[in-house]
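**Student:** So Swiss-Prot says this about it:
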ACT_SITE  HIS708  active site, proton donor
BINDING   ARG15, GLU16, LEU17, LYS18, LYS116, ARG529, CYS530, TRP575, GLU619  5-methyltetrahydropteroyltri-L-glutamate binding site
BINDING   ILE445, GLY446, SER447, GLU498, ASP613  L-homocysteine binding site
BINDING   ILE445, GLY446, SER447, GLU498, ASP613  L-methionine binding site
BINDING   HIS655, CYS657, GLU679, CYS740  Zn(2+) binding site
Amino acid sequence: MKTNNLGYPRIGSNRELKKASELYWAGKISADELLDAGKEIRLKNWYLQSEAGVDLIPSNDFSFYDQVLDLTLAVGAIPQRYHELAKSNSSLDLYFAMARGSQKNGQDVVAMEMTKWFDTNYHYIVPEFTKNQKFELFSEKILNEFKEANAVGIKTKPVLIGPVSYLLLGKEKEEGFNRIDLIDALLPVYFEILEKLQIENAEYIQLDEPFLALNLTDKERNVFTKVYNEINVRFPKLKIVLANYFDCFGENLETALALPVDTFHLDLVRCQLQLDDILESGKLASNVNLSLGVVDGRNIWKNDFKKSLELIKKAADALGENRILLAPSCSLIHSPCDLDLETNDQTLTPEIKQWLAFAKQKINEVVLLKQFASGEVNPKNSADYERNVIANENRKTSKLIHNNEVKARTAGITAADDKRKSAFASRRKSQIKALNLPLFPTTTIGSFPQTTEVRSWRAKFKKGELTTEQYNDLIEKETEAAIRFQEETGIDVLVHGEFERNDMVEYFGEQLDGFTFTKNGWVQSYGSRCVKPPVIYGDVSRPNPMTVKWSKYAQSLTSKWVKGMLTGPVTILQWSFVRNDQPRSETCTQIALAVRDEVVDLEKAGIKIIQIDEPAIREGLPLRKEEWAKYLDWAVKAFRISASGVNDDTQIHPHMCYSEFNDIIQNIADMDADVITIECSRSQMELLDAFANFKYPNEIGPGVYDIHSPRVPSSKEMVRLLEKASAVIPVDQLWVNPDCGLKTRHWNETKKALIEMVAAAQEMRKAVENPVTE
């Protein structure tokens, strides 16, 4: 029996990668210094896993931005718009330009599209493919990192995304072909990579093929068969670990089991039943091993050793111990680094802390499970086992978790609780009369730049270095400055800027019962952006208003409307580490009731427009389409519960991003929002087609510029996007806004971009009022 790890967090236990990357982008450190910071993180990760006793330690799981972008560079799939830039820049700067866009030395290129990695809160950079796409080995990162580990005496298992999933992760940038047909052009580059690794004596290679958990066409399944047979013919001595995670193989199981690989990795956290399916199928070849993903790589709860050992015993009895590998369910990039860094009992109480395990602890759990399953019992690990059993039993019975009032309120929800008082057509008349907004009303999506100064105020306040009065005074001044800037710029519906908020989920979690927090529980969201998800450990309720004070203050400063800003129940759920002792739908409904109470209180305080951010509704979709309807039913209902306690003339704005809407457009309509704002600019308004084809009746604010890039777009660019939008959506339904909140941007670029955005809206109004006649 061996231990296997699929990937380890690359941000560094103290977010060293974030700090180094941002210093490099700001021109404050050299490329060599950034590369050294990356190397130091890799070495620490390898040593940690080696010392813990991991047999198959991954390499190439490190990335300066994103593992999919790494592979795009490795196989030379560099979009045409970066070719000129590639001539005059290092491959590192080319890489970051592809991720972030670039406006340097007279060059102006937009970033590649970014979207969610399956149903996680990680984002990847979407590969772009053309009909005659050429591939060539461009970067040897995979080989270099394998050699780097070898140089310090650590034999690793290189990890790369498998060729079929890589193509399926991408997007066709022109019509007339299917990206899966590029497989014959792509495979030779994979062969070249595998050849180089074989020459360097690599024994195991992990190929991640998570699309095997999705609904595939017969053609796509046939491509899997072709690819892995070819790899086996060319590299019969390489031990290929084929990793599937996040769900079952489903109808792809027969195809998968026929592939000539050394080991199949199974996610037994998300899909425990597949172990029985495989063992009972009789189709697992006698020379093929199973990697059992029994430790949850995506959540932070301590493993239940008793349950895991039952699964391991079942597999070992059927196949023999020598054919079993033990592993986390997926890469640990979705877990925080180290629970040992949580030393503040006020932030995370000892009772809750004993229920948790982060990446370092999960590695130890995998190693301990191997020892127990192999009969390697000693006094130390016996004590570890006993502690695990006690912690899990304690969690089941803890009074911290259960609130009977919350359970009763949730059970008492009626059909009327998730419906507005009137239909949209009637509400719209009330809102037009009450709000009196122009055509193409302009707004932003909530947050404004959080400067180092603003963040330092919050840190000082938390440390007790600022009094509540001093802190509030500073936030008031910053809020007033934001209101005045928006008024001067000519924005129609203002926001208060969210300067008091650390994170759009954490801020609410800090004020809700049933949530707790970590001090250092950071995980990578994209690039250098890390998030510290709250921990939902028990029943959720709202003891006090959460946002009313600041929204009310901002509204008192201006005669224009100020939006209330809330995070929706599904997003709070999706972006938290969620308790695993009850259905997610039940936890979501509890959160929805808490948000509903806040919406009602905002309305009472005179706030007539309330944004409820739900960027995560689509990412919560199960990977398999046959399970979508059940999820969408409770997710949409939770949103409606949160939004339906107000009068007709109060306008509800959900904000959604990273979304393809075609296949869930009916469910979006079922949310019954007054105005939906969506991320649109990177896709050049393609996303609007779904709304147009559906004849979506409500109002829409398609994002007109990409806030994930520092690039400042011109008003002409935004006018072009608005013209595209107005070609498919009636002009009296269109709003004008950025893609997303502006928290991570700098004030300089934000001000310039919003001035351009308002100019674009004004130009569109003129065009409608004075149409050009042929």
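The backbone N, Cα and C atoms fix where each Cβ goes, glycine too.
Walk me through where these features lie, including what they touch and how far apart they are.
**Tutor:** Residue density at HIS708 (active site, proton donor): 23 other Cβ atoms are found within 10 A of its Cβ, drawing on all protein chains shown.
DSSP gives GLU619 (5-methyltetrahydropteroyltri-L-glutamate binding site) a coil state; it is part of no helix or strand.
Sequence-distant contacts of GLY446 (L-homocysteine binding site), defined as residues of its own chain at least six apart whose C-beta falls under 8 angstroms from its C-beta, comprise VAL495, GLU498, MET504, LYS563, MET565, GLN611, ASP613, HIS655, GLY741.
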**Student:** Consider the binding-site residues LYS116, ILE445, CYS530 and say which one has the Cα lying nearest the Cα of GLU679 (Zn(2+) binding site).
**Tutor:** ILE445
**Student:** Measuring Cα to Cα, how far is CYS657 (Zn(2+) binding site) from HIS708 (active site, proton donor) in Å?
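**Tutor:** Counting only the Cα atoms, the answer is 12 Å.
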**Student:** In this structure, which of the binding-site residues GLU619, GLU679 has the fewest other Cβ atoms within 10 Å of its Cβ?
**Tutor:** GLU619
**Student:** According to DSSP, folded down to helix, strand and coil, what is LEU17 (5-methyltetrahydropteroyltri-L-glutamate binding site)?
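**Tutor:** For LEU17 (5-methyltetrahydropteroyltri-L-glutamate binding site) - judged by DSSP and reduced to three states - the answer is helix.
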**Student:** Name the residue among the binding-site residues ARG15, LYS116, HIS655 whose Cβ has the smallest number of other Cβ atoms within 10 Å.
**Tutor:** ARG15
**Student:** In whole Å, note down how far the CA of ARG15 (5-methyltetrahydropteroyltri-L-glutamate binding site) lies from the CA of ILE445 (L-homocysteine binding site).
**Tutor:** 27
**Student:** Which three-state DSSP class does LYS116 (5-methyltetrahydropteroyltri-L-glutamate binding site) fall into?
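**Tutor:** Reduced to three states, the DSSP call for LYS116 (5-methyltetrahydropteroyltri-L-glutamate binding site) is strand.
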**Student:** Considering only the recorded positions SER447, HIS708, CYS740, which residue has the minimal Cα-Cα separation from LEU17 (5-methyltetrahydropteroyltri-L-glutamate binding site)?
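**Tutor:** Closest recorded candidate to LEU17 (5-methyltetrahydropteroyltri-L-glutamate binding site) by Cα: HIS708.
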